[in-house]
């Protein structure tokens with residue numbers, strides 16, 4: 001990867017509120033000098049290429065320049081006009097693309113449009129870890145599922161069945177908020193909702209598109225409206241086996257059906273959800289693992305032992321699941337273990 005494409009990828013990482021859009025960075029170069037750069041910052045707003053053009057001191061500088069962009073420029077009308085039209089209009093001579101867009105609305109069409117209009121296109125086919133959920137969704141037609149839990153050295157996630165235990169430290173908690181911010185849905189089971197009473201929000205971060213908080217329940221009518229999840233305005237989806245008969249807050253949606261991990265993911269796919277974080281409890285985690293639907297596992301390992309307690313995965317018998325691509329990070333006296341399912 002050359003230095004200009006590296007710069008484009010660094011620019012792409014600045015996009016923190018892109019929702020179901022990918023993070024994209026763009027750099028405009030002429031005579032080996034960087035003249036402008038930009039990134040896609042917020043879902044529904046200007047794409048990286050447009051922001052890079054806006055950063056130019058003189059828009060005419062785009063003529064005969066080379067545009068480095070991490071992802072194939074769009075060629076369709078969506079929330080914004082097609083970027084390829086602007087590229088051609090401004091007289092860009094060459095476009096260097098880090099990756100072809102896997103989205104069928106775009107895939108290959110942006111490159112074709114540019115070449116048909118006389119723009120030189122170079123495809124670099126960079127295998128980047130950027131936009132893994134986005135790529136996975138369009139390559140597999142289902143969301144990328146991450147299971148996250150904090151556990152003790154002896155594999156326990158809770159000391160008691162009916163009362164929440166604080167397992168991990170503050171550094172792990174703060175890191176988990178960053179993980180949440182990268183998701184579009186945070187999913188838990190009914191028992192976790194009742195015992196832990198979580199809000200499931202991303203703390204200390206203002207997001208235009210916060211993750212949808214989703215809960216699998218048997219009967220929505222038996223869920224107390226005094227729980228913390230109802231105290232904030234972020235959207236809530238309940239996957240319930242029964243129809244709702246009560247007045248619920250406006251941010252609550254109830255989806256009725258016989259829910260399994262497969263049927264939940266099928267529904268989320270229809271909603272174009274690309275990234276799902278399963279946060280408990282142990283039975284729901286076991287169900288997703290046994291169904292072969294978990295792609296990524298994040299474990300916060302606390303420096304303590306409970307002895308008796310609830311295991312991280314429980315209640316379902318299934319064949320061993322192998323993971324690789326292991327990374328370990330020290331968070332004060334806790335460890336963060338991240339690993340990906342071996343395909």
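For all residues, glycine too, the Cβ spot is worked out from N, Cα and C.
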Among 180, 246 - the residue TrEMBL places in the same substrate site as 200, 203, 279: 180
For residue 150 (NADP(+) binding site), the one of 47, 49, 74, 279 that lies nearest, given that the recorded positions are compared by Cα: 279
Counts by DSSP class (helix H/G/I, strand E/B, coil) across the domain 'CMP/dCMP-type deaminase' (1-122): 36 helix, 26 strand, 60 coil
Beyond the site residues 47, 74, 83: chain residues whose C-beta lies within 8 Å of the centroid, for Zn(2+): 24, 48, 49, 50, 73, 80, 82, 84, 86, 110
Arithmetic mean of per-residue pLDDT over the domain 'CMP/dCMP-type deaminase' (1-122): 96
Residue from 180, 192, 196, 203, 279 whose C-alpha is spatially nearest that of residue 47 (Zn(2+) binding site), among the binding-site residues: 180
Neighbours of residue 192 (NADP(+) binding site) among the binding-site residues 74, 83, 200, 203, 279 (Cα to Cα, within 10 Å): 279
